[in-house]
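A short write-up of the structure that comes next.
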Amino acid sequence: MEHPILFISIILEKLGLPVPHGPVGQTFLEKMCEPYMTYTWLVMAFLFLVSKFTLGNLEIIPGKGQNFWEMIIGGMDDFFADNMGREMADKFFPMIATFALYIAVANLIGLIPGFMSPTASINTTLALTLIVWATHHVIGFKEHGLGYYKHFIGPMKWLVPLMLPIELISNFARLLSLSIRLFGNIMAKEVLLGILFGLAGMFFAPLPIMVLGVLVSLVQAMVFVLLTVVYFAQAQEHAH
């Protein structure tokens, strides 16, 4: 659901760029100014600026900002190591942690009146899912070679006609389940908030749903990251 955001529209209009909530053309520049892309740039800028200003110079005795980031980053690092092993966690921490922070903020930004969540677009969630899906196959092939794909045909040759279609459907279903789960939940939150804002004003009536929206936003980010970790660990262990 696309809410009008005046200051972004004004800035882009003054720069001669397509307004994100107006008609969007077919050129590359116009595509980059579509609503979900505009808010993606906004989320990325927010994460960069917040980390820059809250961290500053790292100190031996950390301040409040450094303590906050050490808690978040340290917690994710321990979780990844417990579920994937230390070596694999170190290798994929930048990617998965970036996904976690991006998805959490992208989900939450839609709770601000006049903003929308980039993850309320299937384009965003499918792009994230494709990266995860492709990476977990790369991990499996790198760890086990062609033997990684033997689980698609089952342990016995006579089971191939049965196991191959089942395994292929199951594997490609991950693309749908991971992307549509995130998209569907966040889109439902956006639609419900939009209806309540329109019917009951900007503050009191939507407040309970906004509180629930915070929980949904964080839980969906956690679910996406958890499943990513599980897929990567399975690919490494060759256990499906």
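Yeah, the Cβs are placed from backbone N, Cα and C, and that goes for glycine too.
What Swiss-Prot says about this one:
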- 41-61: transmembrane segment (TRANSMEM)
- 92-112: transmembrane segment (TRANSMEM)
- 121-141: transmembrane segment (TRANSMEM)
- 152-172: transmembrane segment (TRANSMEM)
- 191-211: transmembrane segment (TRANSMEM)
- 212-232: transmembrane segment (TRANSMEM)
Residues from the same chain, set at least six apart from the ends of the transmembrane segment (41-61), whose C-beta lies under 8 A from its own: 8, 68-69, 101-102, 105-106, 109, 118
Positions on the same chain near the transmembrane segment (92-112), where near means CB under 8 A and six or more residues out: 39-40, 42-44, 46-47, 72-73, 76-77, 80, 84, 118-120, 124, 128, 131-132, 135, 182, 186, 189-190, 193, 210, 213-214, 216-218, 220-222, 224-225, 228-229, 232
Folded-back contacts onto the transmembrane segment (212-232), same chain, C-beta under 8 angstroms, at least six residues removed: 76, 79-80, 83-84, 88, 92, 96, 99-100, 103-104, 107-108, 110-111, 117, 119, 128, 132-133, 135-136, 139, 174, 178, 181-182, 185-186, 189, 193
